[in-house]
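Feature annotations, reproduced from Swiss-Prot:
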- 129-185: ATP binding site (BINDING)
- Asp256, Glu268: Mg(2+) 1 binding site (BINDING)
- Glu268, Asn270: Mg(2+) 2 binding site (BINDING)
- 101-301: domain 'ATP-grasp' (DOMAIN)
Amino acid sequence: MVRRIGVLMGGLSAEREVSLRSGRAVCAALESRGYEVVPIDVNRDVARTVRETGIELAFIALHGPLGEDGAVQGLLEVLGIPYTGSGVLASALAMDKIATKKILAHAGLPVPEYRELEAGDADSARAVVAELGLPVVVKAPTQGSSIGVYIVEREEDLEARITDAVAYGGTRVLVEKFIAGPELTAAVLGNREPRVLPLIEIVSATGKYDYESKYTPGLSDHLIPPRVPREVQERVSDLALRAYRALGCRGFARVDLIVSGNEAFILEINTIPGLTDVSLFPDAARAAGMSFPDLVEHLVRLAQER
């Protein structure tokens, strides 16, 4: 039985502070259940650190590039250490919003209409506005926590927002048709037989669910159940499960969707959802009757089934 668990947190991405909050919460939960916990603030010496600590299992509480994108997962595979969450391929695919959309669309799942643009291609940017209309959403394709996400309402602002998004790395951006409607999130839990926990509707006090709204208490409400018809909720749960399976996720993931009328569109998949005191996945687990320590321990058990 696994007793010595390393909690990998912090890391090198723009989501470092959120990851530290998730990691500390996980450490406390594991300690409350009697595990020997080794907090590991991930840096470029992580391979040596993991070997020297002698951990039996890694609980990955990292967010963003070099943590959620398959890099650390691959390292742990090489070291022969079991870990929580999805494997290398699913992690890498879900971290890239453009790759995710291509896979979901190929699987016949609904996604907002989108285009992939290279920075500096002004002609293509103008063509996108003509094709998608305004407003559009510009996204840095390999960031999370709404980092590098901009709603563009005027054509003259598009190139500047593309430049802003590219500043987070790479040369590509995702430009997505803006869809107005309630935003729902589906927490999916499990390996071969995953299940969807109670759905959550996200209501932001500022009108947009950005980084500040996500991680500042009081700036967003998590409504359970969502204020959409039962048949829409069932549709959202089904889409979330199908998306989870299409990418080959394991352990847990959070699928974000937008609802327009009776239709739902998948926005993205988060393979390491936030585990802070204001995060969505723990709220969904609580609504399903799982305390936070219950959830964390269940993720450890799922990791051992790999």
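For all residues, glycine too, the Cβ spot is worked out from N, Cα and C.
A map of Swiss-Prot features onto the structure.
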residue : record                : DSSP class
Val129  : ATP binding site      : helix
Val137  : ATP binding site      : strand
Glu153  : ATP binding site      : coil
Arg161  : ATP binding site      : helix
Gly169  : ATP binding site      : coil
Lys177  : ATP binding site      : strand
Thr185  : ATP binding site      : strand
Asp256  : Mg(2+) 1 binding site : strand
Glu268  : Mg(2+) 1 binding site : strand
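Distance noted between the C-alpha atoms of Val137 (ATP binding site) and Glu268 (Mg(2+) 1 binding site) is 13 Å. Its Cβ taken as reference, Val129 (ATP binding site) is surrounded by 17 other Cβ atoms within 10 Å in the chains shown.
In the structure shown, across all protein chains, Arg161 is the one of the binding-site residues Arg161, Lys177 with the greatest number of other Cβ atoms within 10 Å. By neighbour count, meaning other C-beta atoms within 10 Å, the densest spot among the binding-site residues Thr185, Asn270 is Thr185.
Sparsest Cβ environment among the binding-site residues Glu153, Asp256, Glu268 (other Cβ atoms counted within 10 Å): Glu153. Just so you know, the Cβ of Val137 (ATP binding site) picks up 19 other Cβ atoms within 10 Å once every protein chain is counted. A simple way to gauge crowding: the CB of Gly169 (ATP binding site) has 15 other CB atoms within 10 angstroms, across all the protein chains here. Averaged across the domain 'ATP-grasp' (101-301), pLDDT for the predicted model comes to 91.
Candidates Val129, Glu153, Arg161, Lys177, Asp256 (binding-site residues) were compared with Asn270 (Mg(2+) 2 binding site); those inside 10 Å Cα-Cα are Asp256.
Put simply, Glu268 (Mg(2+) 1 binding site) is 14 Å from Lys177 (ATP binding site) when counted between their Cα atoms. Cα-Cα distances to Asp256 (Mg(2+) 1 binding site) place Thr185 within 10 Å, out of the binding-site residues Val129, Glu153, Arg161, Gly169, Thr185.
Here Glu268 (Mg(2+) 1 binding site) is positioned 20 angstrom away from Arg161 (ATP binding site), judged by their C-alpha atoms.
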